[in-house]
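Read the structure below first, then the notes.
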């Protein structure tokens, strides 16, 4: 039995039963507010959008950057750079982005604790502007080291953004919109990928004389976020539970929810905060050692590992090569790649629209299962593409299907889940773990896929098929649905597998002891019972 049912009054009326009947009958469903949309959009614009942009922007100018490396080497040492050295420098330029991301993920817990969720996002724009300057001016300074350092700094920005942004979105969203608002992260990643592909076209910035402007563009979204986000509220949960600023939290709730009476939301946060009066912000070690959170941690690790190891990043990093091997002409490849970004963005938008109706669990399982299916077909089509002139088109169709399947669920929901499976004191540590897994796996794919492709040839994607199948099977048996559930509901869903007692009797006894008290309202009794539950589970 769920916690909601256990703590309800024996009478059929709920907490709001004391309100007049006419007030209840005229109450309208809560709608999304402009403040909430602006916080989600501009928060993601200067964060996940830049991450997506950096995934695709290096494809178009790759040959020009290698030429620049060769010219700089000649100017310095008076001899052409060796082919192995060019390959090594380019590999470092691409892969150091993930190393920076790992460092950013390691910093995010401290930053969100010291300056808050919004403050971390604002500070992070500084890294984006610095990276844009290094990458854009590297050619003029005749320094390929500036490009490498710029990619590293941009990686730090992305590592912070992919943890701080989902944390912020999850804490400002009403329960029934948490998934849709959280999907702004995924949608803006896809839009960033698409923008990188568009600007990289030869007619725009994908030319030898303009490739540095591709990187200068990084500063624009960061500056836009700096202009808007300071005027939007901080996370009300952060203000109330970590800063003890009830007036600020109430003001933030009113702005995000668009209503004056936010007492219910404040009481829900207070119920969790009551237990945390005896708790501090948990470290990663404390989170890993807490038996009541064991399977939540495992679930986050599995979903985030599958997010990177399912093969989509391999397609993005090596899209041009895959299409070239599929038989497409060199001059049409940039335009074909453009369609993949469009499909990705469309699928992410559709996922954001349906996530609160379908749920997280079905979308994740469907996404990984569909990816496995199309990876299998892609392997078959690649093996026969030399025998039939129309076979490359089927290969490309499978690539589009893999991308759409990824963005239907696995592309954004792992970040939403990380915020939903943990309460306030454990959430920053959980995002640090998720970030570490995310960036280590990202680096591994970028490093190992070329060798996999060389040794396995057309069978390389079968490795990703296995990862997708294993991810779908794990989620089917372990992950409960979290849509429209409170933190307590989700904790109850994991209590059995974590072998943690539900302490129903203790809660009932708590209510029974206080039942005759005239001094305590029902809400106060419920709040104390919830606090008792939290202490039992997380103490």
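Numbering starts at 1 and runs along the chain as displayed.
Cβ atoms are placed via backbone N, Cα and C, with glycine included.
Just so you know, TrEMBL annotations are computer predictions that nobody has curated.
For 1-27, the entry in TrEMBL reads region 'Disordered'.
Residues 118, 121, 124-125, 128, 154, 157-158, 161-162, 164-165, 168-169, 172-173, 177, 181, 184-189, 191-192, 195, 218, 221-222, 224-226, 228-229, 232-233, 255-258 of the same chain, all 6+ positions outside the transmembrane segment (32-51), place their C-beta atoms under 8 angstroms from a C-beta of that stretch. Feature annotation from TrEMBL assigns transmembrane segment to 32-51 (among others).
In the predicted model, the domain 'Major facilitator superfamily (MFS) profile' (40-483) has a mean pLDDT of 88. The annotation domain 'Major facilitator superfamily (MFS) profile' is assigned in TrEMBL to 40-483.
Residues or ranges marked as transmembrane segment by TrEMBL: 88-112 (among others). Within its own chain, the transmembrane segment (88-112) is flanked in space by residues 54, 58, 62, 65-66, 69, 81, 119-120, 123, 127, 144, 147-148, 151-164, 167, 238, 284, 317, 428-429, 431-432, 434-436, 438-440, 442-443, 446-447, which lie at least six positions past its ends and keep a Cβ under 8 Å from the stretch.
Annotated transmembrane segment per TrEMBL: 119-137 (among others), in sequence order.
The annotation transmembrane segment is assigned in TrEMBL to 149-169 (among others). Using a Cβ-Cβ cut-off under 8 Å and counting only residues 6 or more beyond its ends in the same chain, the transmembrane segment (149-169) has close neighbours at 39-40, 43-44, 46-48, 50-51, 54, 93-94, 96-108, 111-112, 117-118, 120-121, 124, 127-128, 130-135, 138, 181-182, 184-185, 215, 218, 235, 415-416, 418-419, 427-428, 431-432, 434-435, 438-439.
Counting residues 6+ beyond its ends, the transmembrane segment (181-201) has Cβ neighbours under 8 Å at 32, 36, 40-41, 43-45, 47-57, 59-61, 162, 165-166, 169-170, 172-173, 214, 217, 316, 334-335, 337-338, 340-342, 344-345, 347-349, 351-352, 355, 407, 411-413, 415-416, 419 in the same chain. Here TrEMBL flags 181-201 (among others) as transmembrane segment.
Annotation comment: TrEMBL describes 213-232 (among others) as transmembrane segment.
Same-chain neighbours of the transmembrane segment (297-318): 55-56, 59, 94, 193, 287-288, 340, 364, 368, 371, 375, 399, 402-403, 406, 410-411, 413-414, 417-418, 421, 430, 433-434, 437-438, 441-442, 444-446, 449-450, 453, 461, 463-464, 467-468, 470-471, 474-475, 478-479, counting only residues six or more beyond its ends whose CB sits under 8 Å from a CB of the stretch. Taken from TrEMBL, the feature transmembrane segment covers 297-318 (among others).
The feature transmembrane segment is assigned by TrEMBL to 333-355 (among others).
The transmembrane segment annotation in TrEMBL covers 362-384 (among others). Taking Cβ pairs closer than 8 Å, the transmembrane segment (362-384) reaches residues 303, 306, 310-312, 325-326, 351, 354-355, 391, 394-395, 398-399, 401-402, 405-411, 413-414, 458-459, 461-462, 464-465, 468-469, 471-472, 475-476, 479 in its own chain, all 6 or more past its ends.
Positions annotated as transmembrane segment by TrEMBL: 390-417 (among others).
Taken from TrEMBL, the feature transmembrane segment applies to 429-452 (among others).
Below 8 angstroms of C-beta separation, residues 295, 298-299, 302-303, 306, 309-311, 314, 360-361, 364-365, 368-369, 371-372, 375-376, 378-379, 382-383, 410, 417, 449, 452, 497 of the same chain, each at least six residues beyond the ends of the transmembrane segment (458-479), sit close to that stretch. Under the heading transmembrane segment, TrEMBL lists 458-479 (among others).
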What else in the chain is close to the transmembrane segment (429-452), if you only count residues 6 or more beyond its ends and a Cβ gap under 8 Å? 91, 94-95, 98-99, 101-102, 104-106, 108-109, 155, 159, 162-164, 166-167, 281-284, 286-288, 296-297, 300-301, 304-305, 307-309, 311, 313-314, 317-318, 414-415, 418-419, 421-422, 460, 463
Tertiary contacts of the transmembrane segment (390-417), as residues 6+ beyond its ends and Cβ separation under 8 Å: 162, 166, 170, 178-179, 182-183, 185-187, 189-190, 299-300, 303-304, 306-307, 310-312, 315, 322-323, 326-328, 336, 339-340, 343-348, 350-352, 355, 360, 362-368, 370-371, 374-375, 377-378, 381-382, 384, 434, 471, 479, 482
